[in-house]
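Chemist: As annotated by Swiss-Prot, active site, proton acceptor applies to Lys176, His294, with the evidence given as sequence analysis. The substrate binding site annotation in Swiss-Prot covers Asn124, Thr174, Lys178, Arg295, His327, Ser379 and is backed by sequence analysis. As annotated by Swiss-Prot, Mg(2+) binding site applies to Lys202, Asp204, Glu205, with the evidence given as sequence analysis. The N6-carboxylysine annotation in Swiss-Prot covers Lys202. Residues annotated as site 'Transition state stabilizer' in Swiss-Prot, with sequence analysis given as evidence: Lys334.
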Amino acid sequence: MNEAVTIRGKERYKSGVMEYKKMGYWEPDYEPKDTDVIALFRVTPQDGVDPIEAAAAVAGESSTATWTVVWTDRLTAAEKYRAKCYRVDPVPNSPGQYFAYIAYDLDLFEPGSISNLTASIIGNVFGFKPLKALRLEDMRLPIAYVKTFQGPATGIVVERERMDKFGRPLLGATVKPKLGLSGRNYGRVVYEALKGGLDFTKDDENINSQPFMHWRERFQYCMEAVNKAQAQTGEIKGTYLNVTAATMEDMYERAEYAKELGSIIVMIDLVIGYTAIQSMAKWARKNDMILHLHRAGHSTYTRQRNHGVSFRVIAKWMRLAGVDHIHAGTVVGKLEGDPATTKGYYDICREDFNPMTLENGLFFDQNWASLNKLMPVASGGIHAGQMHQLLHLLGEDVVLQFGGGTIGHPMGIAAGATANRVALEAMILARNEGRDYLHEGPEILAKAAQTCTPLKAALDTWKNVTFNYESTDTPDYAPTPSVSV
């Protein structure tokens, strides 16, 4: 099964149809070079299709192959440019599925272009008939390729300096309801939340420029709220102004206006596409702005474990592309997030080097070559009563966004913000004192609530509310003595 079967010489270029594994796309003896891009695919062949042939077909169709032999291959350095599948393993506990390791020569990709990379890696091959399903699980991006990208426009260190916030997670909230508010009422929500103790507020993914609130009106009221809250609290505040629009010209216009109004941060949605994301990241770097990315739409291709693209790959692409914030899961919230898998996402965002960690879904070592770090964002169904869990699981370099957990507070928005700020600072103090804050968390919160009525109301309202559903995306690996959960 693992023997090389490549046909070489004149027979290799004889007209007609030839199996991919015989065309040079299956090379089990190949040793990947340090400069190779490596992709790990989960391949589910159609019934009766040889898994080696299926994996070789993925290599071929994502690089130089077509359905028949073409003599023009001989006009190229074909041996170099063919992607090479060098390893195929059965997926543990998933009959009929296989992990295929495929190496691509670096010269196959345009430097610094996510769009070009994805056109090959997740292009036509995902519609290939011999496959029931195909998922891109992970990638190893060589240093030589990583260095062609800008990376996060601002980075965690500079963002903290700009915000003058150190030693704790940043706090935020998404304005609710996400649609329907007038500009004046929208700005009021922003002001109350920032005045109450949050660092950021945020537009939601689908608030752009609708009949009930034009984008310019929203920007004006929001920045009036930010400036007023800053003056009252003496702290630097921000609000993510969503500049997502129909064209790049519109997005640049909105971003420039946000900058003119004094905003330190703008926001875009993942659905604008890779080229637009990189374009906005370059604008943000040039204009000293923090760039927040809402991952709107990602679950259409990241959530199912047998088909699509893993979010760990999206996180890698977005760190290359140059965003400063990305929603990366909450573990304890309402949105998809297996704890081990989510830790892998956070490590991709925040570490200079990611070692292979199979239990967290990281299949390769990844060196980030001094690219800035990307701030992960946790949002969706979290509240003050989970603060000890959030700090333990996600660390301090994270934005914790309590939308409903702020705006849904029974005493009002400002009280909701205060409850979250007091809960966080109580937990940070306990951590700094060396206490076992994870296990003592409820006790720490209860004590803090004795002198903070808003926190007591939050704990009484949401109690132990959580969303314990089984994750659809968990790591697949075979446990060994050196790799155990």
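Cβ atoms here come from the backbone N, Cα and C positions, even for glycine.
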Chemist: Listed binding-site residues are Asn124, Arg295, His327; which of them have CA atoms within 10 A of the CA of Asp204 (Mg(2+) binding site)?
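Modeler: Near Asp204 (Mg(2+) binding site) by Cα: none of them.
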Chemist: Given the recorded positions Lys176, Lys202, Glu205, tell me which ones have a C-alpha lying within 10 Å of the C-alpha of Arg295 (substrate binding site).
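Modeler: Neighbours among recorded positions, in sequence order: Glu205.
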Chemist: Which are the residues of the chain, Lys202, Asp204, Glu205 excluded, whose CB is within 8 A of where the CB atoms of the Mg(2+) site average out, their centroid?
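Modeler: Leaving out the recorded residues gives Thr174, Val175, Lys178, Asp203, Asn206, Ile207, Tyr240, Asn242, Met267, His294, Ala296.
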Chemist: Can you give me the same-chain residues 6 or more apart in sequence from His294 (active site, proton acceptor) with a CB-CB distance under 8 Å?
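Modeler: For His294 (active site, proton acceptor), the qualifying residues are Asp204, Glu205, Asn242, Met267, Ile268, Asp269, Leu270, His327.
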Chemist: I'd like to know which of these binding-site residues, Asn124, Thr174, Ser379, is least surrounded, judged by other CB atoms within 10 A.
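Modeler: Fewest other Cβ atoms within 10 Å, among the binding-site residues Asn124, Thr174, Ser379, is found for Asn124.
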Chemist: Give me the Cα-Cα distance between Asn124 (substrate binding site) and Lys202 (Mg(2+) binding site), rounded to a whole Å.
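Modeler: With distance taken Cα to Cα, Lys202 (Mg(2+) binding site) is 36 Å from Asn124 (substrate binding site).
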